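Novice: Structure provided below as structure tokens; questions to follow.
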Amino acid sequence: MARAEKKRAASTASEVAEKPAKSADWRPLYFAAFLVLADAALVAIIVAFVPYTKIDWDAYMSQVDAFLGGERDYTKIEGDTGPLVYPAGFLYVYSAIKFLTGGQVFPAQIFFGVLYIANLSLVLLLYVKTEVLPWWALGLLCLSKRVHSIFVLRLFNDCFAMTLLHAAMVLIIYHKWYLGLIVFSGAVSVKMNVLLFAPSLLLLMVKAMSIKGVFFALLGAAVVQVLLGMPFLLAHPIEYISRAFNLGRVFIHFWSVNFKFVPEKLFVSKELAIALLILHLTTLLVFAHYKWLKHEGGLFGFLHSRFKQAKSIHQLVSSQPRPSMLSKEHIVTVMFVGNFIGIVCARSLHYQFYSWYFYSLPFMLWKTHFPTPLRIILFLGVELCWNIYPSTAYSSLLLLFLHISILLGIWFSPTEYPYINKKT
């Protein structure tokens, strides 16, 4: 009997070995290359024929002039739209742009067109490597009128922040955690919205690295912030920290795209801000426990299994989690959804903030079990809301409904196995 079973097993193994390996599907890669070329042509047409929209560029240049003129007090660096509220990386980036373009709009638009294509290439790489979308759906990433405008007609710093963020994600899916954290910190230094990705990133780091590794990765990110802010920290530290890292800013009700239906008095209230913060943190914890750590037994099961084997402090901080090699799909899912939760709970979204999550929309929609026509309707609905100017109570209500629908679709979808290692 045993000899017969061995013979059957050997025969099966031989049949499997004789089967030709499944050929790779090159269509996503070829289509992604086509999209890059086609969108580059579209960007060139937009820059050549669509009028530039003056919003923040002059203010950026005024702030850069003050910095280059030797001013190190953040309370005295201002533009025609108000005081400087971004960390020091913003000043270095736009000082370089001013040097390259002479502060002129048209050369800057060409520069931002190149930036747009670089960002699109990074995003397409994330999509191709995760294989969540069918190849044809990659075209959705090139269809946003608003995002094209944000990059090449308005020249916002959000463009640089998100390009660096996507570069950090590319490094992280290849498990280059330390370098990825440095680039991530660079993105934060341009605009702090990138911190919406931080809770997800921290969770992924704890799943993939030892405590010592997490500490040194975070230390590297902190060093980047200190080095970039050094001229201001040495001269006027309180002014720099209070302006560049102000988490309590109240935005103008008129510009809100997502909560225009809320009365202005409630919109600017601390009560609404606190309620949304609690909702944000609670939703993150619920997703972490029931979705992102589902295969580890939830948040508490993960923490218990992570540290139960440690018999000393050294072993506690040095032990590598098993398994620890996270899949690309899981990394991108946790990062995109974690950021999206912050978007849903944000008190105010201005028009340029669409760039914070537009590139994650197709990925998240294809993580749901919605039929494809509904996915496309939701995608187009979100795009429509962001192209209504000025926003109305109805458009903001519709946008909130669409956001919640997408988030619920993700919640009720199956959770991917998070590790490359074979399931045990």
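Here the Cβ of each residue, glycine as well, is placed from N, Cα and C on the backbone.
As listed in TrEMBL for this protein:
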TRANSMEM  29-52  transmembrane segment
TRANSMEM  108-128  transmembrane segment
TRANSMEM  155-175  transmembrane segment
TRANSMEM  181-206  transmembrane segment
TRANSMEM  213-234  transmembrane segment
TRANSMEM  240-259  transmembrane segment
TRANSMEM  271-290  transmembrane segment
TRANSMEM  331-349  transmembrane segment
TRANSMEM  395-413  transmembrane segment
Novice: Where, among 155-175, 213-234, 271-290, 331-349, do we find the most CB pairs under 8 A to the transmembrane segment (181-206)?
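Specialist: Comparing 155-175, 213-234, 271-290, 331-349 against the transmembrane segment (181-206), the winner is 155-175.
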Novice: The transmembrane segment (331-349): which same-chain residues, six or more beyond its ends, come within Cβ distance under 8 Å?
Specialist: 126, 130, 132, 169, 172-173, 196-197, 199-201, 203-204, 251, 253, 255-259, 267, 272-273, 276-277, 279-280, 283-284, 287, 291-292, 356-357, 360, 363-364, 367, 400, 403-404, 406-407, 410, 416
Novice: Return the stretch with the most CB pairs under 8 A relative to the transmembrane segment (240-259), choosing among 155-175, 213-234, 395-413.
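Specialist: By the under-8 Å Cβ criterion, the transmembrane segment (240-259) pairs most with 395-413.
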